[in-house]
Amino acid sequence: MEIVSTGNRTVSEFVLLGFHEIPGLHLLFFSVFIILYVSIITGNMLIAVVVVSSQRLHTPMYFFLVNLSFIEVVYTSTVVPKMLEGFVQEATISVAGCLLQFFVFGSLATDECFLLAVMAYDRYLAICHPLRYPLLMGPQWCLGLVLTVWLSGFMVDGLVVALMAQLRFCGPNLIDHFYCDFSPLMILACSDTGVAQVTTFVLSVVFLTVPFGLVLMSYAQIVVTVLRVPSGTRRTKAFSTCSSHLAVVSTFYGTLMVLYIVPSAVHSQLLSKIIALLYTVVTPIFNPVIYTLKNQEVQQALRRLFYCKPTEM
(Lines of atoms letter the chains of each structure in order from A and count residues from 1; the text may use other names and numbers.)
(Lines give C-alpha, C1' and ligand atoms only; values in the text may rest on other atoms or scores of the structure.)
Protein backbone atom coordinates (compact mmCIF):
# COMPACT_ATOMS: atom_id res chain seq x y z
CA MET A 1 0.00 0.00 0.00
CA GLU A 2 1.46 3.34 -1.06
CA ILE A 3 1.97 6.02 1.58
CA VAL A 4 3.34 9.29 0.25
CA SER A 5 3.57 12.87 1.40
CA THR A 6 0.74 15.08 0.15
CA GLY A 7 1.32 18.55 1.57
CA ASN A 8 -0.01 18.55 5.12
CA ARG A 9 -0.80 14.84 4.91
CA THR A 10 1.50 11.84 4.77
CA VAL A 11 -1.29 9.32 4.25
CA SER A 12 -2.63 8.97 0.72
CA GLU A 13 -5.36 6.47 1.47
CA PHE A 14 -7.13 4.74 4.32
CA VAL A 15 -8.06 1.11 4.85
CA LEU A 16 -11.57 0.48 6.17
CA LEU A 17 -11.27 -2.44 8.56
CA GLY A 18 -15.02 -3.03 8.77
CA PHE A 19 -16.01 -5.97 10.96
CA HIS A 20 -12.48 -7.37 11.20
CA GLU A 21 -13.25 -8.73 14.68
CA ILE A 22 -15.41 -11.52 13.21
CA PRO A 23 -13.79 -12.64 9.92
CA GLY A 24 -15.55 -16.00 9.99
CA LEU A 25 -18.91 -14.31 9.41
CA HIS A 26 -17.87 -12.12 6.48
CA LEU A 27 -19.43 -14.32 3.80
CA LEU A 28 -22.70 -14.51 5.73
CA PHE A 29 -22.68 -10.76 6.33
CA PHE A 30 -22.01 -10.10 2.65
CA SER A 31 -25.01 -12.22 1.65
CA VAL A 32 -27.33 -10.65 4.23
CA PHE A 33 -26.33 -7.04 3.62
CA ILE A 34 -26.45 -7.25 -0.16
CA ILE A 35 -30.04 -8.54 0.13
CA LEU A 36 -30.88 -5.73 2.55
CA TYR A 37 -29.22 -3.16 0.29
CA VAL A 38 -31.17 -4.29 -2.77
CA SER A 39 -34.36 -4.25 -0.68
CA ILE A 40 -33.66 -0.69 0.50
CA ILE A 41 -33.07 0.56 -3.04
CA THR A 42 -36.09 -1.30 -4.44
CA GLY A 43 -38.48 -0.32 -1.65
CA ASN A 44 -37.59 3.35 -1.60
CA MET A 45 -37.51 3.70 -5.38
CA LEU A 46 -40.90 1.97 -5.58
CA ILE A 47 -42.33 4.57 -3.21
CA ALA A 48 -41.07 7.35 -5.46
CA VAL A 49 -42.50 5.72 -8.60
CA VAL A 50 -45.89 5.08 -6.99
CA VAL A 51 -46.20 8.63 -5.62
CA VAL A 52 -45.14 10.29 -8.87
CA SER A 53 -47.44 8.10 -10.98
CA SER A 54 -50.53 8.48 -8.78
CA GLN A 55 -52.29 11.84 -8.87
CA ARG A 56 -54.09 11.00 -5.64
CA LEU A 57 -50.78 10.85 -3.79
CA HIS A 58 -49.69 14.34 -4.82
CA THR A 59 -50.08 15.66 -1.28
CA PRO A 60 -47.60 17.18 1.21
CA MET A 61 -47.19 13.93 3.16
CA TYR A 62 -46.16 11.95 0.09
CA PHE A 63 -44.04 14.81 -1.25
CA PHE A 64 -42.00 14.63 1.95
CA LEU A 65 -41.98 10.83 1.77
CA VAL A 66 -40.46 10.88 -1.73
CA ASN A 67 -37.70 13.17 -0.45
CA LEU A 68 -37.10 10.79 2.47
CA SER A 69 -36.87 7.85 0.08
CA PHE A 70 -34.37 9.68 -2.12
CA ILE A 71 -32.24 10.60 0.91
CA GLU A 72 -32.14 7.00 2.09
CA VAL A 73 -31.27 5.60 -1.34
CA VAL A 74 -28.33 7.99 -1.73
CA TYR A 75 -26.91 7.88 1.77
CA THR A 76 -27.19 4.10 1.97
CA SER A 77 -25.43 3.87 -1.40
CA THR A 78 -22.69 6.12 -0.04
CA VAL A 79 -21.79 3.61 2.68
CA VAL A 80 -23.00 0.08 1.96
CA PRO A 81 -20.98 -0.68 -1.24
CA LYS A 82 -17.71 -0.03 0.61
CA MET A 83 -18.92 -2.13 3.51
CA LEU A 84 -19.70 -5.00 1.12
CA GLU A 85 -16.26 -4.63 -0.47
CA GLY A 86 -14.69 -5.01 2.96
CA PHE A 87 -16.32 -8.41 3.40
CA VAL A 88 -14.58 -9.88 0.33
CA GLN A 89 -11.32 -7.91 0.08
CA GLU A 90 -9.35 -5.04 1.56
CA ALA A 91 -11.45 -1.88 1.26
CA THR A 92 -9.30 1.18 0.59
CA ILE A 93 -10.36 4.78 0.11
CA SER A 94 -8.36 7.93 -0.63
CA VAL A 95 -8.16 10.73 1.93
CA ALA A 96 -10.23 13.00 -0.32
CA GLY A 97 -12.69 10.19 -1.00
CA CYS A 98 -12.99 9.54 2.72
CA LEU A 99 -13.82 13.17 3.48
CA LEU A 100 -16.28 13.21 0.56
CA GLN A 101 -17.99 10.05 1.84
CA PHE A 102 -18.34 11.56 5.31
CA PHE A 103 -19.64 14.83 3.84
CA VAL A 104 -22.31 13.21 1.66
CA PHE A 105 -23.40 10.68 4.26
CA GLY A 106 -23.33 13.18 7.13
CA SER A 107 -25.20 15.83 5.16
CA LEU A 108 -27.95 13.42 4.14
CA ALA A 109 -28.25 12.03 7.68
CA THR A 110 -28.66 15.62 8.92
CA ASP A 111 -31.20 16.25 6.17
CA GLU A 112 -33.15 13.22 7.38
CA CYS A 113 -33.12 14.54 10.96
CA PHE A 114 -34.73 17.76 9.75
CA LEU A 115 -37.09 16.05 7.32
CA LEU A 116 -38.45 13.64 9.93
CA ALA A 117 -39.30 16.65 12.10
CA VAL A 118 -41.06 18.30 9.15
CA MET A 119 -43.01 15.10 8.44
CA ALA A 120 -44.08 14.83 12.09
CA TYR A 121 -45.22 18.46 12.01
CA ASP A 122 -47.13 17.77 8.80
CA ARG A 123 -48.97 14.86 10.47
CA TYR A 124 -49.68 17.06 13.50
CA LEU A 125 -51.32 19.71 11.29
CA ALA A 126 -53.27 17.12 9.29
CA ILE A 127 -54.67 15.39 12.38
CA CYS A 128 -54.98 18.22 14.88
CA HIS A 129 -55.92 21.08 12.50
CA PRO A 130 -57.57 19.39 9.49
CA LEU A 131 -59.60 22.45 8.42
CA ARG A 132 -56.55 24.73 8.30
CA TYR A 133 -54.22 22.07 6.92
CA PRO A 134 -54.61 22.90 3.18
CA LEU A 135 -53.77 26.55 3.89
CA LEU A 136 -50.88 25.84 6.28
CA MET A 137 -49.29 23.21 4.02
CA GLY A 138 -49.63 24.80 0.61
CA PRO A 139 -47.33 23.81 -2.29
CA GLN A 140 -44.99 26.80 -1.95
CA TRP A 141 -44.60 26.30 1.79
CA CYS A 142 -43.85 22.58 1.31
CA LEU A 143 -41.24 23.34 -1.34
CA GLY A 144 -39.66 25.97 0.90
CA LEU A 145 -39.47 23.51 3.80
CA VAL A 146 -37.80 20.85 1.66
CA LEU A 147 -35.26 23.29 0.19
CA THR A 148 -34.43 24.51 3.70
CA VAL A 149 -33.96 20.92 4.85
CA TRP A 150 -31.57 20.10 1.99
CA LEU A 151 -29.52 23.29 2.28
CA SER A 152 -29.27 23.11 6.07
CA GLY A 153 -27.87 19.59 6.08
CA PHE A 154 -25.13 20.35 3.57
CA MET A 155 -24.21 23.62 5.29
CA VAL A 156 -23.93 22.01 8.74
CA ASP A 157 -21.78 19.10 7.62
CA GLY A 158 -19.85 21.29 5.20
CA LEU A 159 -18.55 23.22 8.22
CA VAL A 160 -17.44 20.01 9.95
CA VAL A 161 -15.70 18.66 6.83
CA ALA A 162 -13.96 22.02 6.29
CA LEU A 163 -12.45 21.67 9.78
CA MET A 164 -11.53 18.02 9.17
CA ALA A 165 -9.78 18.95 5.92
CA GLN A 166 -7.34 21.09 7.91
CA LEU A 167 -6.14 18.09 9.93
CA ARG A 168 -3.01 16.08 9.21
CA PHE A 169 -3.10 12.29 8.95
CA CYS A 170 0.37 10.87 9.45
CA GLY A 171 -0.44 7.20 9.92
CA PRO A 172 -1.42 4.57 10.75
CA ASN A 173 -4.07 4.63 8.05
CA LEU A 174 -6.39 1.92 9.39
CA ILE A 175 -9.96 3.12 10.06
CA ASP A 176 -11.68 0.80 12.52
CA HIS A 177 -15.09 1.17 10.91
CA PHE A 178 -16.97 0.20 7.74
CA TYR A 179 -17.15 3.81 6.54
CA CYS A 180 -15.38 7.12 7.16
CA ASP A 181 -17.00 8.26 10.38
CA PHE A 182 -15.97 11.22 12.51
CA SER A 183 -14.61 9.54 15.66
CA PRO A 184 -12.37 6.95 13.92
CA LEU A 185 -10.87 9.71 11.77
CA MET A 186 -10.17 11.88 14.82
CA ILE A 187 -8.22 8.99 16.34
CA LEU A 188 -5.95 8.89 13.27
CA ALA A 189 -5.31 12.65 13.08
CA CYS A 190 -1.84 13.75 14.19
CA SER A 191 -2.75 17.43 14.61
CA ASP A 192 -4.97 19.15 17.16
CA THR A 193 -8.58 17.99 16.76
CA GLY A 194 -10.03 20.13 19.56
CA VAL A 195 -11.86 22.67 17.39
CA ALA A 196 -13.33 19.98 15.11
CA GLN A 197 -14.49 17.85 18.04
CA VAL A 198 -16.07 20.70 20.00
CA THR A 199 -17.79 22.05 16.88
CA THR A 200 -19.15 18.62 15.95
CA PHE A 201 -20.38 18.00 19.50
CA VAL A 202 -22.22 21.34 19.68
CA LEU A 203 -23.77 20.89 16.22
CA SER A 204 -24.80 17.33 17.09
CA VAL A 205 -26.49 18.41 20.31
CA VAL A 206 -28.41 21.21 18.57
CA PHE A 207 -29.33 19.46 15.33
CA LEU A 208 -30.27 16.14 16.92
CA THR A 209 -32.09 17.15 20.09
CA VAL A 210 -34.08 20.04 18.58
CA PRO A 211 -35.61 18.06 15.65
CA PHE A 212 -36.20 15.04 17.89
CA GLY A 213 -37.88 17.29 20.44
CA LEU A 214 -40.15 18.66 17.71
CA VAL A 215 -41.01 15.10 16.65
CA LEU A 216 -41.92 14.14 20.21
CA MET A 217 -44.01 17.29 20.68
CA SER A 218 -45.86 16.69 17.41
CA TYR A 219 -46.66 13.07 18.26
CA ALA A 220 -47.67 14.03 21.80
CA GLN A 221 -50.24 16.45 20.35
CA ILE A 222 -51.38 13.76 17.92
CA VAL A 223 -51.88 11.28 20.77
CA VAL A 224 -53.90 13.83 22.74
CA THR A 225 -56.11 14.44 19.70
CA VAL A 226 -56.52 10.72 18.99
CA LEU A 227 -57.54 10.06 22.60
CA ARG A 228 -60.54 12.29 22.02
CA VAL A 229 -61.71 10.02 19.21
CA PRO A 230 -64.30 7.45 20.37
CA SER A 231 -62.90 3.96 20.79
CA GLY A 232 -63.00 1.93 17.63
CA THR A 233 -61.11 0.98 14.49
CA ARG A 234 -59.97 4.52 13.63
CA ARG A 235 -58.50 5.07 17.08
CA THR A 236 -56.71 1.71 17.09
CA LYS A 237 -55.33 2.29 13.59
CA ALA A 238 -54.11 5.78 14.51
CA PHE A 239 -52.27 4.48 17.57
CA SER A 240 -50.76 1.62 15.57
CA THR A 241 -49.49 3.96 12.85
CA CYS A 242 -48.12 6.54 15.29
CA SER A 243 -46.34 3.93 17.40
CA SER A 244 -44.70 2.41 14.31
CA HIS A 245 -43.52 5.79 13.05
CA LEU A 246 -42.26 6.84 16.46
CA ALA A 247 -40.38 3.56 17.01
CA VAL A 248 -38.36 3.90 13.79
CA VAL A 249 -37.81 7.65 14.25
CA SER A 250 -36.62 7.11 17.83
CA THR A 251 -34.22 4.41 16.65
CA PHE A 252 -32.76 6.78 14.06
CA TYR A 253 -32.30 9.75 16.41
CA GLY A 254 -31.28 7.56 19.35
CA THR A 255 -28.45 5.81 17.53
CA LEU A 256 -27.10 9.11 16.20
CA MET A 257 -27.19 10.61 19.69
CA VAL A 258 -25.27 7.65 21.13
CA LEU A 259 -22.56 7.96 18.48
CA TYR A 260 -22.18 11.74 18.25
CA ILE A 261 -23.17 13.06 21.69
CA VAL A 262 -22.29 10.29 24.17
CA PRO A 263 -18.47 10.11 24.69
CA SER A 264 -16.91 7.37 22.55
CA ALA A 265 -15.12 5.94 25.61
CA VAL A 266 -18.51 4.76 26.91
CA HIS A 267 -18.94 2.14 24.15
CA SER A 268 -16.51 -0.11 22.28
CA GLN A 269 -15.68 0.38 18.61
CA LEU A 270 -17.44 -2.88 17.71
CA LEU A 271 -20.58 -1.66 19.48
CA SER A 272 -20.29 1.66 17.61
CA LYS A 273 -20.28 -0.22 14.31
CA ILE A 274 -23.30 -2.30 15.31
CA ILE A 275 -25.15 0.87 16.37
CA ALA A 276 -24.20 2.51 13.07
CA LEU A 277 -25.87 -0.35 11.22
CA LEU A 278 -29.19 0.67 12.78
CA TYR A 279 -29.29 4.02 10.98
CA THR A 280 -27.41 3.00 7.83
CA VAL A 281 -29.34 -0.21 7.07
CA VAL A 282 -32.17 -0.93 9.51
CA THR A 283 -34.17 2.32 9.48
CA PRO A 284 -33.90 2.74 5.67
CA ILE A 285 -35.45 -0.69 5.16
CA PHE A 286 -38.22 -0.15 7.71
CA ASN A 287 -39.31 3.31 6.58
CA PRO A 288 -40.89 2.11 3.30
CA VAL A 289 -42.69 -0.60 5.28
CA ILE A 290 -44.21 1.55 8.01
CA TYR A 291 -45.13 4.41 5.69
CA THR A 292 -46.73 2.28 2.98
CA LEU A 293 -47.83 -1.23 3.97
CA LYS A 294 -50.38 0.06 6.49
CA ASN A 295 -51.49 2.82 4.14
CA GLN A 296 -54.60 2.07 2.10
CA GLU A 297 -53.91 4.89 -0.39
CA VAL A 298 -50.48 3.52 -1.25
CA GLN A 299 -51.80 -0.04 -1.49
CA GLN A 300 -54.48 1.07 -3.93
CA ALA A 301 -51.92 3.04 -5.95
CA LEU A 302 -49.70 -0.05 -6.13
CA ARG A 303 -52.59 -2.16 -7.41
CA ARG A 304 -53.46 0.45 -10.04
CA LEU A 305 -49.82 0.70 -11.08
CA PHE A 306 -49.14 -3.02 -11.50
CA TYR A 307 -52.46 -4.77 -11.99
CA CYS A 308 -55.06 -2.40 -13.32
CA LYS A 309 -55.56 0.31 -15.87
CA PRO A 310 -52.68 2.46 -17.08
CA THR A 311 -54.70 5.60 -16.49
CA GLU A 312 -55.98 6.75 -13.15
CA MET A 313 -59.68 6.78 -12.35
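From the backbone N, Cα and C atoms, a Cβ is placed for every residue, glycine too.
Here is what TrEMBL says about this protein:
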- 27-50: transmembrane segment (TRANSMEM)
- 43-291: domain 'G-protein coupled receptors family 1 profile' (DOMAIN)
- 62-80: transmembrane segment (TRANSMEM)
- 100-121: transmembrane segment (TRANSMEM)
- 141-165: transmembrane segment (TRANSMEM)
- 201-227: transmembrane segment (TRANSMEM)
- 239-262: transmembrane segment (TRANSMEM)
- 274-293: transmembrane segment (TRANSMEM)
Chain residues outside the transmembrane segment (141-165) and at least six past its termini with a C-beta under 8 angstroms from it:
60, 63-64, 67, 99, 102-103, 106-111, 113-115, 118, 182, 185, 195-196, 199-200, 203, 207
Can you name the far-off residues of the same chain, 6+ from the ends of the transmembrane segment (62-80), with a Cβ under 8 Å from a Cβ of it?
33, 37, 40-41, 44-45, 47-48, 51-52, 101, 104-105, 108-109, 111-112, 115-116, 118-119, 122, 142, 146, 149, 178-179, 280-281, 283-284, 287-288, 291
Pairs 6 or more apart in sequence, C-beta under 8 angstroms, 3 or more of them: is that satisfied by the transmembrane segment (27-50) and the transmembrane segment (201-227)?
no
Spatial neighbours of the transmembrane segment (201-227) far in sequence, C-beta under 8 Å, 6+ residues away:
110, 113-114, 116-117, 120-121, 123-124, 127-128, 156, 159-160, 235, 238-239, 242, 245-246, 249-250, 253, 256-257, 260-261
Note the mean pLDDT of the domain 'G-protein coupled receptors family 1 profile' (43-291), expressed as a whole number.
90
